[in-house]
């Protein structure tokens, strides 16, 4: 199934957003509406009294076929804060270990009354397959599909950028560093940044870890990390996706850190008020040092807290009127 078809599956017959499968095909206005809702959630804080009943009586399920800390638990907290009943699916303890397909798993849970599915799967196509079989009134949210898409991560990163740098991205210089080829975060972020009118996007990493499918069209691309740091406003550090990589793409972790690890000395080359982002999990001493990850220019924990607020916004937008 091609990307255009998946994009169209997100909308109902009236053009209303029904699922969140990818940020591709979503308008600037739609992204800004989601970000504005998330910003309102930030203003309400961790105990949003006025939103406790938005999803009251509704069952949602975190249907994860891959490990997760931040995404799974932030979705769980987001749904709870909106009053939903949350089911946490454990693939290792389910009938998928007996051969049941993801589609059959979803349809059975749907028959029990679950109306919102938050899905992570290592195979990109499965998200589209699930969207094709869900019933009317059931909502599907992509929580990470293979190496292709992670829409809510990109949304929380955009919210963090707004907080750090304001709402106008047109003059920003942003640098993505690391394993771009296997990163669903990088792909979704690049689509969001283009839709929101980002200024200069730079990409840096070993040649073997850069995609050659047109994703980097319009980006400034280099293997020279030190040169690319000059004047950068935002650094997005990405981990090596070793679970998706072929052996031998990187000589060693030590070699990678020497060439692409963000240290305090390297960070000093960027703009004085540059901010550092990382979607997690962090591999300390590989793509980033402790000093930088825990330093004053790190917005990494803000990303984590924003994850709850963004995912609340997505849930209430899609399920609040379901």
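Heads up, the Cβ atoms here are built off N, Cα and C, so glycines get one too.
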Let me know which member of 52, 115, 120, 302 Swiss-Prot also records as binding carbamoyl phosphate at the site of 70, 71, 150, 153, 280, 281.
120
Record-listed carbamoyl phosphate binders 70, 71, 120, 150, 153, 280, 281 have a maximum CA to CA distance, in Å, of 16
Just to be sure I understand the packing, how many Cβ atoms besides its own are within 10 Å of the Cβ of residue 281 (carbamoyl phosphate binding site)?
11
98, 184, 239 filtered to the binding-site residues whose C-alpha is within 10 Å of residue 153 (carbamoyl phosphate binding site):
184
Please give me the binding-site residues out of 98, 184, 239 that lie within 10 Å of residue 280 (carbamoyl phosphate binding site), comparing Cα atoms only.
239
